[in-house]
Amino acid sequence: MSADTPLQNDHDGNENPPVDGSELIRFDKVTKRFGSNVVLDELDFSVASGKHVTLIGPSGSGKTTILRLLMTLLKADEGTIKVNGDYLTHEEKNGKLVPAGEKHVREVRKNIGMVFQQFNLFPNMKVLRNITEAPVTVLGLSKDEADQRARELLDMVGLGDKADAYPTQLSGGQQQRVAIARALAMRPQVLLLDEVTSALDPELVAGVLDVLRDIAHTTDITMLCVTHEMNFARDISDQVLMFDSGRVLESGTPEKIFGDPEHDRTREFLSAVL
Amino acid sequence: MMSSEFFTTWFLPGIWVTIQVTVYAAALGAAIAFGIGLARTSQLWIVRFLAGVYFEIFRGMSALVLMFWMFFALPFFGWQLVPMWAGVSALGLTYGAYGSEIVRGSLAAVAPAQKEAGIALNFTRWQRLRLIELPQAWPEMVPPFNNLLIELLKGTALVSVITVADMTFAGNLLRLGTNETTPVFTLLLVLYFVLAFLITRGMRLVERRAKAGVGQRPQKTGGITSRLSSRGESLQAGSQSAGGM
Ligand SMILES: Nc1ncnc2c1ncn2[C@@H]1O[C@H](COP(=O)(O)OP(=O)(O)OP(=O)(O)O)[C@@H](O)[C@H]1O
Ligand SMILES: [Mg+2]
C-alpha cells in the first residue's frame, strides 16, 4: 500500500511503533471531581492499539469526561494516563512524577485526535484551510502536500466540491464530515468521537455514520467513541464498555453486551435506549 | 466673515494637524490596546497583573492633565517633548488603555469550544491566538473601536491647550481676532462631525470585510434592492406556510 493513501495511519516517525494488540491508552486510578461531585472514581481501563472501543452508559456517567481528559481539555485530580507508554500530562523527574510542561504534553498529544459533538470548525477559515492549517503549522507539512492530502480526505468524506466554502455555508452533517477529515489530517493513532451525530438532524446522521464505518473498516486507526447509535456501535466495535457512576460496570464484545449482558443495570440502560 | 486668507493659513493646516494627531494617537493606542489586551489574557499572573495595573492607572487618568504633565512637568526631568508628541502620547496612552479592554473582552467572548478544537489539533497557545482567537475576535472589536476612535478624534481638541495648532486652536484664534464666535464654532462642530462621519464610514467597510472573513454575510443596511428582495422572500415564505395549512 502506498504511504500516501489518506486513510493509512502513518506511524513511521514513531520510535516505538505499536505492535498490533499492544496497549495504546491506559488510565491508572484516574479520579476526576467537579466540586464535591466525584465523576470518575479511581478509574482503570485500557484500550489496545487498533481496536474500536465504544463507551456506553447513562447520562452523567462520565463518558465525555474520559474523552476530555484524554484530549487534555480537562485535568485529572488524581491518577495517571498513559498514551503509548508515555505519561500524558506527567513527566518523571528524579524518580518522581511531576506535571509535564507544554512541550511534553504536545509531543504525546499529537497521537490523539478528536471530533466534537458540535463540530467546532473554525468559522474564519474556509473548509480546505480548516483541514490544512494544523498539518502545515503543527506538523510542518508543505502547503502543497497538505492541500493534496486535504482534498483526498474531502473526497473520502464525500465533500470534494466544498473545499472553498465557509463552514457556515454547510449543513451540520457536512460540517461534521469536514471535522472528521480535519482530525484525520493530523494522522492521529487514536480518534476520539463524542456523540458526533447527536447534534444532527435525523436525516443527516446516516451520512456521517457511513463515513465513520468506512474509516473503521479500512484503516488501522484506534477509535474510542461515545454514541447512542447502538446499531453503529454493534457494527464497528471490538469492545463495548458499560459505564455507571464513573466505573466500568462491564465490558465485552458487542454481541455479549447487547445480547446477553451480565448486569441488570446494563439491561435496563439498553432497553431504555434501544 | 472670516477672510479666506485666514482660512488657508490657519484653518486648513489645523484640519490637517487634527487628522495627524488622530492618526498617530490611534496608532499608538492600537499598539497599546493589543499589547496590554493580550497581556491581560496571559497565563503568567505577573504579566496579567502588570497589564491590569497599566489599565487601571491610565483609565483613571485625565488625558488633559496627563497632557499638561507631559508638556510642563516632563521637561523638569530633562525630557522636552515637541507639543504635538506630548499630545499624541497622552492621548495614545489613555485611549490605548480603553482599547485594551475591548481586545480583552472580545478575546474572552470567543467560544471556548474554538480553543478546545485548537488544542485537539495540537496548536500552541500562540498559534491558537494568531490563527483562531484573534481572527474571530476581530470583527467583534471593530464597532467598539469605531466608537473609541471617534472619542479620540474629539479628544484631540485637547491638544489646542498645549499650543498645538489643530483646528480648535485655529478656531479660537479666529474668534479672538474677529469676534465671530457663532459662525466659527458652528464651523468647528460641523468639521468634527464630518471627520467622525468619515471615520464611521471607513470602519463600516473594515467591519464588513472582517465579517466576510469569518464567513458571516455582511449585514445589508438600507439599499432599496435589498429591502425589496428580503420583502419578497418573506412574502414567499408567508404564502408557502399559508399553502401548507
Ligand atoms: N465543567 C463541569 N463542571 C461541573 N460539573 C461537570 C462539568 N462537566 C461535567 N460535569 C459533571 O460531570 C458528570 C459527568 O459528565 P459527563 O459529561 O462526563 O457525562 P456523560 O457520560 O458524557 O453524559 P451524557 O451522556 O449526558 O453526555 C455529570 O454529573 C456532569 O454534571
Ligand atoms: Mg457526554
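Cβ atoms are placed via backbone N, Cα and C, with glycine included.
Curation does not apply to TrEMBL; its annotations are automatic.
As given in TrEMBL:
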COMPBIAS  B:218-245  compositional bias 'Polar residues'
DOMAIN    B:15-203  domain 'ABC transmembrane type-1'
REGION    B:210-245  region 'Disordered'
TRANSMEM  B:15-38  transmembrane segment
TRANSMEM  B:45-71  transmembrane segment
TRANSMEM  B:77-98  transmembrane segment
TRANSMEM  B:148-170  transmembrane segment
TRANSMEM  B:182-199  transmembrane segment
Recorded stretch, among B:45-71, B:77-98, B:148-170, B:182-199, maximising Cβ pairs under 8 Å relative to the transmembrane segment (B:15-38): B:77-98
Same-chain residues at least 6 beyond the ends of the transmembrane segment (B:182-199) whose Cβ lies under 8 Å from its Cβ atoms: 1-2, 15, 18-19, 22, 146, 149-150, 153-154, 157, 167-168, 171, 174-175
Close approaches to the transmembrane segment (B:77-98) from elsewhere in its chain (Cβ under 8 angstroms; 6 or more beyond its ends): 17, 20-21, 24-33, 36, 54-55, 57-59, 61, 63-64, 66-67, 69-71, 148, 151-152, 155-156, 158-159, 162-164
